[in-house]
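S.K.: Input: one structure, supplied below.
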Amino acid sequence: MSDTVTDGDASRRRHGRVVVVYGGRSAEREVSLLSGGAVLASLVRSGVDAHGFDFAGGGLSGLEALAPDRVFIAMHGRDGEDGSLQGALELLGIPYTGSGVLASALGMDKERTKQLWRAHGLPTPESVMLEGEPDWDAVIEALGLPLIVKPVHEGSTIGISIVETRDALIAAHAEASRFDSAIMAERFVQGEEYTVSLLGDEVLPAIRVEVPSGFYDYEAKYHSDTTRYLLPCGLEQEEERMLGDVCRRAFEAIGGRGWGRVDVMRDAQGRFWLLEVNTVPGMTDHSLVPQAAAHAGLDFDALVLRILDTTTGS
């Protein structure tokens, strides 16, 4: 019998039995299935004892029955990204990828994230919660037009609208209310959109996102072939360093760990404005973290293993 130890053998010993959790019942289920499938295939290629689990099909008891040594969380949105799954895994004593309970809950709440950023002196556009019967004229006076209406607890730009009139604001509020009971309006920042990925202690290269329609919505993120991702992003070296630093500080402000992504706008005066943080970013063929990692010299399989190595308790 050969004593040769292959990379796959070493990976199985190091990581144990890994369950990739994806799917779920949130509005981001479709994207999560794609992310989870890509991660699972990658782990199998790397020789990891990996198994996929659609959380909608068995819940926590089904996951526990698989007896994972670690969980790779690829379930976006509610339950998977908001601290719920993280808390359950901590109660079960199962290590998992990504941020902990509090950071996940904060990252999923756009308004509380912005409150924390403001408390840390970090730049983020002004916003107003649209509660009860909003005073539409007061909202417009506070934020100006155009402005953005967002569900507070959704990702992937689901339910988000850019509005230019009072009537459009009312309609956008109704649309966002289909996805969440908590709705916010935010000052619209005209300019260039950037995203910065974080992996462990490393800040990956920034990506500039260009969309012909001017709005990086769900269709542009996951289905459009006309969305452009610019790497290098076109910023001067010092500007990109400053952008990376503000994104790192934004991630740390909510207590983020492991990996994540921060979305930013740059206005006509060259100022950066933090939009939101993603604690379970997409891992599809259109996703931004894999693109940034590739530009930094990490292929997809290496990236997935790096994320797995940041597992809590490892």
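The backbone N, Cα and C atoms fix where each Cβ goes, and this holds for glycine too.
Pulled the feature table from Swiss-Prot, pasting it below:
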- 114-309: domain 'ATP-grasp' (DOMAIN)
- 140-195: ATP binding site (BINDING)
- ASP263, GLU276: Mg(2+) 1 binding site (BINDING)
- GLU276, ASN278: Mg(2+) 2 binding site (BINDING)
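Map these features onto the structure and tell me what's around them.
M.R.: Restricting the average to the domain 'ATP-grasp' (114-309) gives a pLDDT of 92.
Cβ neighbours within 10 Å of SER161 (ATP binding site), excluding its own Cβ and spanning all shown chains: 20. For the recorded site, SER161 (ATP binding site), the DSSP three-state label reads strand.
Taking the Cβ of ASP263 (Mg(2+) 1 binding site) as reference, residues of its chain lying under 8 Å away and at least six apart in sequence are, in sequence order, GLU193, TYR194, THR195, LEU274, LEU275, GLU276, VAL277, ASN278.
The Cβ of ASN278 (Mg(2+) 2 binding site) has 23 neighbouring Cβ atoms from other residues within 10 Å, across all protein chains displayed.
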S.K.: How many other Cβ atoms are found within 10 Å of the Cβ atom of ALA182 (ATP binding site), counting all protein chains shown?
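M.R.: Within a 10 Å radius of the Cβ of ALA182 (ATP binding site) lie 18 other Cβ atoms.
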S.K.: Cβ distance under 8 Å to ILE140 (ATP binding site), same chain, sequence separation 6 or more: which residues?
M.R.: LEU147, ARG166, LEU169
S.K.: Here the binding-site residues are LEU147, ALA168, VAL189; which one has the lowest number of other Cβ atoms no more than 10 Å from its Cβ?
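M.R.: ALA168, out of the binding-site residues LEU147, ALA168, VAL189, has the fewest neighbouring Cβ atoms within 10 Å.
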S.K.: Could you list the residues of the same chain, at least six apart in sequence, whose Cβ is under 8 A from the Cβ of GLU154 (ATP binding site)?
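M.R.: In sequence order, ALA27, GLU28, GLY77, PHE179, ASP180 meet the Cβ cut-off.
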